[in-house]
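Have a look at the structure below, then the notes.
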Amino acid sequence: MLTLINMDHDTIAALATAPGGSIAIIRVSGEDALSIAGKVWRGQNVLEINERRLVLGQMFDPETGEAGDQAMAVYMKGPHTYTGEDVVEFQCHGGNFTAKHTLMCALKAGARAAEAGEFTKRAFVNGKLDLTQAEAVMDVISAGSEKAMQIAVNQLNGRFGNEIRGMYDQLSDLLAECEVRMDFVEEDLNWTPSEMMNKTLNHSSTLMKRLLEGRKDGEVLRDGVKVIIGGPPNAGKSSLMNHVLGRDRAIVTDIAGTTRDTLEEHTRIRGIPLKITDTAGIREADDIVEKTGIERSKQALGEAQLILWLMDLSKPLNEQLPPNDFKLDAPLIIILNKSDIAIDQELPSFFEEAKASSVRISIKSEDNLDRLYDLIEEAVWQEDHHHIPDVAVNARHSVLLEQAVEQIGDCQACIDSEAWELVSVHLRGALDPLGEILGLTLMPDILHTIFGRYCIGK
Ligand SMILES: Nc1nc2c(c(=O)[nH]1)N(C=O)[C@@H](CNc1ccc(C(=O)N[C@@H](CCC(=O)O)C(=O)O)cc1)CN2
Ligand SMILES: Nc1nc2c(ncn2[C@@H]2O[C@H](COP(=O)(O)OP(=O)(O)OP(=O)(O)O)[C@@H](O)[C@H]2O)c(=O)[nH]1
Ligand SMILES: [Mg+2]
């Protein structure tokens, strides 16, 4: 249990499910959960003696006594619950009104509306989850691909936290010995030989460096990659967007200038979550609406992490180049579309200079799209057949791991000279950031930043 964080003893309540489903879950956590349930719900069986069993009953407004929705309820006695506190969950109908009404009953009976992430924060404070697991809850919810979900679930199950914990314990043991050694410099007790110490330190720093290699993977999988489809009008940009999404999202016609506004959607290719944007075809336009759309296209291209520049192979390519003021900051893939009706043409030298990769496809006859997906994968990972690890650190972890790696290096430099005081200093220097990753040595404002990003009800 963490003592440096002030926990209130309020019983909190929130809607745990997204609006619009057929069933809604209202979760109540805290020492008054059961008594609140007694005021707002009456069932065919007594909740307390049916612990962890769903019981059918009815909601009641605790102020007016009026019946509300039919609802199932379950009581889970702390500390063996998600938050570590007493928990009651109501499952009512998922209509917008009934869900809110059920929550309102709980609030009227004395619960406080939970803040964003407060259930998970309580789970962390009560020692149910370490901080890496608590962070993983949000990653699980926002995962945009199967791989992103697997990594988040691994982290939630403690895969990453346990590795950090293992190093933390080993380094703590070393530190304990160092401290004793400082007090008994004269005596030749049975100390761990320097080679053994070095071995332990090497082991930790190798593991940390390996974890740091997953930084890019973590960033890509958590945040997704911003991909912009650009190109001249009528090249097939919206057709590509629809094909990638697997549905008719954007309007496609044979009229140049069909797309007027940028259109962002989320999807995934080869396990990579993408934020993909279809744009208005770029050309000299007089129409004010089209002109504004083209400005937006240019702005989107400027914010891209990967640009797919699409051209129509049945028309001269050198008339379809990006505009002169176009900055090529992001990696670029040239897509030569409509290979089904293509004429043979050389790729303009413009693209050789930009060192872009290119691919001939036909969206219409679904030709060579796999090759396009290969190129997207290579552009994101900067290697083909990239193996995504099972554990991928986030930005907070990687800053702290870097500090720890550096301290271990400094520590090793002091072992040979038997400067135990300095060895201790650097061991502490490595332990602090590892402890911070796990949430053992945390300041409350960091907690606020982490849990404040959560959604209400989590
Ligand atoms: N209805 C419901 N479904 C849910 C959650 C929830 O809170 N309520 N969860 C919330 O995110 C997730 C599941 N996570 C959970 C994690 C731990 C416990 C829990 O009760 N843990 C006890 C031991 C339970 C047992 O062994 O049976 C404990 O850790 O002591 C419950 C849910 C997803 N599904
Ligand atoms: N033959 C052939 N036609 C295609 C192919 N891909 C798209 N088209 C056609 O090209 C026309 C333009 O397609 P869109 O997807 O609307 O093109 P766009 O680039 O979004 O055009 P704007 O929105 O005007 O910038 C449509 O008639 C599509 O059916 C292809 O691979 N082969
Ligand atoms: Mg279009």
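Positions of Cβ are set from backbone N, Cα and C atoms, glycine also.
Residues near Lys458 ((6S)-5-formyl-5,6,7,8-tetrahydrofolate binding site) in space but far in sequence (CB under 8 A, at least 6 apart, same chain), listed by position: Ala16, Ala116, Gly117, Phe119, Thr120, Val137, Met138, Ile141. Among the features that TrEMBL reports, (6S)-5-formyl-5,6,7,8-tetrahydrofolate binding site is placed at Arg27, Glu89, Lys128, Lys458.
Here TrEMBL flags Asn234, Thr253, Ile255, Thr258 as K(+) binding site. Sequence-distant neighbours of Thr253 (K(+) binding site) (same chain, 6+ residues apart, CB-CB distance under 8 A): none. Secondary structure from DSSP puts Thr253 (K(+) binding site) in coil.
Residues annotated as GTP binding site in TrEMBL: 234-239, 253-259, 278-281. For Asn234 (K(+) binding site), the count of additional Cβ atoms within 10 Å of its Cβ stands at 22 [all protein chains shown].
Residues annotated as Mg(2+) binding site in TrEMBL: Ser238, Thr259. There are 25 other CB atoms within 10 A of the CB of Ser238 (Mg(2+) binding site), with all protein chains counted.
TrEMBL lists 224-381 with the feature domain 'TrmE-type G'.
Checking the binding-site residues Arg27, Lys128, Ala280 against ligand 3, none has a C-beta less than 6 Å from an atom of that molecule. In the three-state DSSP scheme, Arg27 ((6S)-5-formyl-5,6,7,8-tetrahydrofolate binding site) falls into the strand class.
For ligand 2, the nearby binding-site residues are Ser238, Thr259; that is, of Arg27, Ser238, Ile255, Thr259, these have a C-beta under 6 Å from one of its atoms.
The average pLDDT computed over the domain 'TrmE-type G' (224-381) stands at 93.
Each of the binding-site residues Ile255, Ala256, Ala280 was scored by other CB atoms within 10 A of its CB, and the lowest score goes to Ile255.
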